[in-house]
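Visitor: What follows is a structure written as structure tokens; I'll ask about it next.
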Amino acid sequence: MEGTLSLPSLPPSTLPRRRHSSRLTCAVGPPRPTLHRVTQNLNPTISPHRAVAAVRLLRVEQGGAFADLLNDKGKGSAENEMGYVERTLGFRTRDLDGRDMRLVTDIVGGTVRWKRYLDHLIMSLCHHERMYQDMEPLLLQILRIGLYEILKLDMPPYAVLDENVELAKVALRPGAGNMVNGILRKLVLLKEKDSLPLPKVEGDDRAQARALGIIHSHPVWMVRRWRRQFGCEDAVRLMKWNNTEPSFSIRVNSRKGFTRTDLILQLEKLKVPYEISLHMEDFVRVTTGLQIVIQAGLLRDGLCSIQDESAGLVVSTVDPQPGETIIDCCAAPGGKTHYMASQMSGQGTIYAIDINKGRLRILEETARLHQVDDVITAIHSDLRDLHDFAERNSTKPDKVLLDAPCSGLGVLSKRADLRWNRRLEDLEELKDLQDELLDSAAKLVKPGGLLVYSTCSIDPEENEERVEAFLLRHLDFVIDPVDRYVPCAFVTTKGFFSSNPLKHSLDGAFAARLIRSPDAKQ
């Protein structure tokens, strides 16, 4: 959650079969004014948060969009969201207000998070499995929204029934509304009897993992992996953590002279509940009201940013100091880069390297907004191709940070869609990539210099095992314990930094400090 990304339009193949006739151009007479066209397309009977949520869910599942927060500008704005609704469904609803935007965020994130659980119930409530398999994508999203609202948000069933039935009728056809009506009515009856058709956790390991995967809405391979790594009880606790409404941390931008006291005064003025970070001086945690903070413009003005404390603690392991030269190897979109830069008092240089030009542009724009661009130099490159970096730059880096691409298994509570976009095979590919990047990063470290390897994963194969394998390949590096840089609660027996959702109520993250021998050949 270090930045918001642009959301692509839904591809034509995913649009509902029925299109609204008012989108057609008149064959006779002058074109209608834009305002008149919008008025003709306005449907005041459809609740805006449900229409926007249904379209956004389509884009998340089939268009590659992210289930992230609605932003207050750009691609994620309320007006843009309504534009997507009109292009996809053929009509507009009334404009989104603040409450609607918060509901969209809640419903989209929650529906994606509980997708497997909801789909199991929908399939169980259909007359036969083929009905579920042949269901139109939009109809399935409307049903998921209805189930989520009834089961997880405890909304009044009559309101959920009426409004989701109406959405299905208008966006698709009357028969679709009848199907939504029948399935949701069955659900309400079963909920009242406390007899939802959920599987029992029994049988062999695979059968138990399948049942737990449905009940807690996780892929079976994750359930089996966590049961093996962490034990059955902690695996279930981890899945429950991933399904809870996440809290978010806000980091103040000290470079602009904005302090945590200033942020607290703003939060109190906005009536947003908060908690002081127990671990980081620049951080405040909010569980509800983040949309209010966003809409108030605090992020837009560069006074603060959304960044988990676990990411801040990774920066603490780097311990950036004024005057140093630091290479951030996989920097974009730049949350850690900007935090390091804010601690350097305008003295020194951070080379921010990334292979993605678009995300690197976001890093540069945010650096200017946060007034830390004076120490940041962006370099668009694959780290593995920077063989001659040391030769081309007379100043050798004091420190190198490799925040490596990883599975993201430590941030599933915030990245609701990530659990469905990861496969077991991805971990093997990622491990190979992490090894390659570590080897390339090691070439940039001067004798006596520091390499910090970090991930946002809780998987030992991406963390401790990658460091152990690296040390076997690079005998001129040794572990430098992190206990001088982070609170002792985050220090492992081997001297690494590790944050764990179950132990610390933070995102999962890992970091290792690796010192190169002063006698190593450059």
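Every residue gets a Cβ built from N, Cα and C, even glycine.
So TrEMBL lists these for the protein:
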REGION    1-21  region 'Disordered'
DOMAIN    238-517  domain 'SAM-dependent MTase RsmB/NOP-type'
BINDING   C330, A331, A332, P333, G334, G335, K336, D354, D382, D403  S-adenosyl-L-methionine binding site
ACT_SITE  C456  active site, nucleophile
Visitor: Cα of A332 (S-adenosyl-L-methionine binding site) to Cα of the residue listed as 'active site, nucleophile': how many Å, rounded?
Guide: 14
Visitor: Between 0 and 100, where does the mean pLDDT of the domain 'SAM-dependent MTase RsmB/NOP-type' (238-517) sit?
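Guide: Taking every residue of the domain 'SAM-dependent MTase RsmB/NOP-type' (238-517) together, the mean pLDDT is 95.
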Visitor: For the recorded positions C330, A332, C456, which one has the sparsest Cβ surroundings, going by other Cβ atoms within 10 Å?
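Guide: Taking C330, A332, C456 as the recorded positions, the minimal 10 Å Cβ count falls on C330.
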Visitor: Max CA to CA distance in Å over the S-adenosyl-L-methionine-binding set C330, A331, A332, P333, G334, G335, K336, D354, D382, D403?
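Guide: Result: 19 Å between the two most distant Cα atoms.
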Visitor: Measure from the CA atom of the residue listed as 'active site, nucleophile' to the CA atom of C330 (S-adenosyl-L-methionine binding site) and give the result in Å, rounded to a whole number.
Guide: 13
Visitor: Compute the C-alpha separation of C456 (active site, nucleophile) from G334 (S-adenosyl-L-methionine binding site), stating it in Å without decimals.
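Guide: Checking the Cα atoms of C456 (active site, nucleophile) and G334 (S-adenosyl-L-methionine binding site) gives a distance of 14 Å.
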Visitor: Taking the Cβ of D382 (S-adenosyl-L-methionine binding site) as the reference point, list residues of the same chain whose Cβ is under 8 angstroms away and which are at least six residues distant in sequence.
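Guide: Non-local contacts for D382 (S-adenosyl-L-methionine binding site): I355.
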Visitor: State which of the following binding-site residues has the fewest other Cβ atoms within 10 Å around its Cβ: G334, K336.
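Guide: Lowest Cβ count within 10 Å among the binding-site residues (G334, K336) is K336.
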